Each structure stands twice: as C-alpha cells, then as structure tokens.
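Worksheet: one structure, shown below.
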Amino acid sequence: MPGPLRSLEMESLQFRDVAVEFSLEEWHCLDTAQQNLYRDVMLENYRHLVFLGIIVSKPDLITCLEQGIKPLTMKRHEMIAKPPVVCSHFAQDLWPEQSIKDSYQKVILRKFEKCGHGNLHFKKGCESVDECKLHKRGYNGLNQCLTTTQSKIFQCGKYVKVFHQFSNSKRHKRRHTEKKPLKYIEGDKAFNQSSTHTTHKKIDTGEKPYKCEECGKAFNRSSHLTTHKITHTREKPYKCEECGKVFKYFSSFTTHKKIHSGEKPYICEECGKAFMYPYTLTTHKIIHTGEQPYKCKECDKAFNHPATLSSHKKIHTGEKPYTCDKCGKAFISSSILSKHEKIHTGEKPYKCEECGKAFTRSSHLTMHKIIHTGEKPYKCEECGKAFTWSAGLHKHRRTHTGEKPYKCEECGKAYTTSSNLTEHKTTHTGEKPYKCKECGKAFNWSSDLNKHKRIHIGQKPRT
C-alpha cells in the first residue's frame, strides 16, 4: 500500500456509493416492469456488499424495497442512508486493500476532510450504473477537495462493479464553482446535463442502442441490459427453507416467503379484498373504476396495467425471450416462465382451506374460491351479464365489439381467444391432442371430446 495512504483516514464502502436514484420525472417515465427491474438491481447490489462483509446495517431503501413500498414515497436523504451524506464522499480515491479475502477485493475509501459538511441530496446524473453518483448542490473549494484527476477503478471480484471517478470530475467541479451549465429544453422538461437530456430523449424516441448478444433484446440504458443478462444465467442463490424453491433475485425470494406466512396487510376499501403488496392493491383498484389507460397501437386493445400492455405487445412481435431449461419451451415474460416451471416440479403451494384443493398459482386459488362463494363481481356494462372472473368478462366483451385479435398465420382465420387459435392450428398439423380415456378416440377440439364423452354415459350429444 502506498506510504501516504497509511496516514489518511480509511472508511469502508457503503451502500450509498453503489445506489442509483431516479428523479421524480425519471421515475414516472418508467413502467411497472422497469420499476421492478430497479428494485432487483438495488437488492442485488446490497446483497453483493453484504456478501463481501462491507455492509452491516440495512439501509432504509432496502427495507423499503423489500416491503414493496415505492422509494419515492420516502424523503430523499432517507432513501440511501442515515445521516445524509456529506460532499467529502464524492471526492475520494478508491484503493484495493492489500489483503484479499476469499478472492474478493475489499474496498476502502480515502476521505478528504477539507471538503465541507453540507448535507446533500442525490441525483442520478449518469446513463449507467458504472458511473459514480452526483449531488445537486455544490459550494466553493474544489481545489482543496480534488487533489488528483487520475481515474481510479474499483472492481469487485465475480460481481464486477466499476466506478470511474474522472468521468464525473467536470460535473463535480461545475457544482463547486456554481457555474450553471447549458439547460436543455425538451417539451415541458428541462435538463441541466446533456447526458440526462440524452437519456430522456431515448425514452421519447424509442431508441434502444444496448442490445443483448444472447437473445437480441434491446434497451435504452446499459444498466437495464446488465440486469437483463442475469435472466440468461442459471444462478439462483436464494433458497426458501420452507419448500426448497430457489430464486435469482432477493426481491423474488422475499415475495415468495409471504406465500407461506399468508400475510396480506393491504386491504381494498371498496370490496375488502386483501393483498400482500401495495402495488397489487393499486392495480386491483382499477377493476372498480374500469379504467384502461394503456392502449396498444397495433390493435387498439386497452389495458389497466402497463406491464400487461408490454406482455401483449409480444403477441404482435412474436418475441419469446424466456426459455424453460427443462423442455425448451419459450415464453413472452419471465413471470409466465416461472409459472410454467411449476409443471415440471409439480409444486402446488396454494391450498384452498375450504376443500383442500391445491394450485400452482395464487391467482388460480383466488378464482377457485369464488366457486364456494358464488360471487360474480365482474359485470358487463353493455348487457348486464355477470362473471366470476375478469377474464370471462373480457372475452365476453368481444361478442359486443366483434374483436378477433388472434389470427392464424396459415389461413388468416381469426379468433376471439388465444386458446381457440391454438386448437384451430391443429387442423393444419393434423394433431389430435384430446383423447377419450374410454375408447381411445382422439379429437382436435376439447369441445368435441366433451360431446363424445356423453355417448359413454348414455347421454345424447348436444347439437
């Protein structure tokens, strides 16, 4: 270790040094899937620091994310750490400690004490998580604070996190000298930094320059690409002690644990239904208002949730980036893949207290429970017909609109539901997947099989 470094005060790397914060405007530009992505990245970063023995106490942001609370509901300075960070943390060199434990580099920070004591707020001023974070308000004294322009890099063993100090020195200097940079105006939004402006423009233009070499999926931020790449790895370090299920993300693991505890603290004032998470309750409330603000430009179909719209769009593109390791079947979303994987494991963690029947999905259990209550909460505004499930109402509405969004590529015939299209396709392939257990006769359609079964029980088939 260099001689002068020994005389300087040392301090361990903290979570705030690897945390990413969005402004209120940037946060509102993200859909639910992207917000969940942010949550996973933050929880992964925290896990890495805990693994290295760098973090002892849990930051408020992590507690917030684990409980499903949106981070912007907290005060700015409370999100990353308590007490608020002082400017000296932005004027530091990073040096690897000489002793290496378990092949990981433990990082220590050199802190410059001359930099002042102002409490500062965070602002994400970079395009990627690989750049260091910047603060908003500065003060004079840069020459006392920054003693070198040399670029220092910190690398964390297996999980590589790189921070470039030099890349942000000019921005940091601007804040100390109080020189105002050129303001970029785009519609009704203003930006102090060209990089923030550039990132925002990518959202507006739809530009996605960061492409995954594995599956071809593109992103408008390199950090989103980095997080996406995890979906292609098979590593699942989080294991549930209750049922043995493993997870890639700590957030997914935390979510899963609530299945066993049965905790549902978020209750709908309208109908009394309880939920595990606040964002699930928010989504549920739209059922009562009937609002569907998210519209598909391809077919004009509307949705009450942005994530549902994102999944729907893949019907038009045919994109299926999530593949099952067991059977090779591909899916349009990771959540559908997770549900599919339960077919191979046979896991059915959701059990009905009324009759004991078990299900692979919580939504299936919820739908099943309505059988016992006889409740039909979903009512058609056109004709008044009521349905047990929202999916039933959604399909029924198409009888009024005449909409048939599912089209056969082979012959052009269109259908109101994807299941009808799937069954239709068997007429082209000659496949007859529905087989009678009594006599072995096979059918293209499940409805034809049901009609046939009546022959064996002595009923006349319906015409």
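Cβ from N, Cα, C; glycine included.
Database features, via Swiss-Prot:
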type	residues	note
DOMAIN	13-84	domain 'KRAB'
ZN_FING	154-176	zinc finger
ZN_FING	210-232	zinc finger
ZN_FING	238-260	zinc finger
ZN_FING	266-288	zinc finger
ZN_FING	294-316	zinc finger
ZN_FING	322-344	zinc finger
ZN_FING	350-372	zinc finger
ZN_FING	378-400	zinc finger
ZN_FING	406-428	zinc finger
ZN_FING	434-456	zinc finger
Please spell out the DSSP helix, strand and coil residue counts for the zinc finger (266-288).
11 helix, 4 strand, 8 coil
By a Cβ-Cβ criterion of under 8 Å, what residues six or more beyond either terminus of the zinc finger (378-400) are in contact with it?
287, 290, 367, 370-371, 416-417
Could you give the mean pLDDT over the domain 'KRAB' (13-84), rounded to a whole number?
64
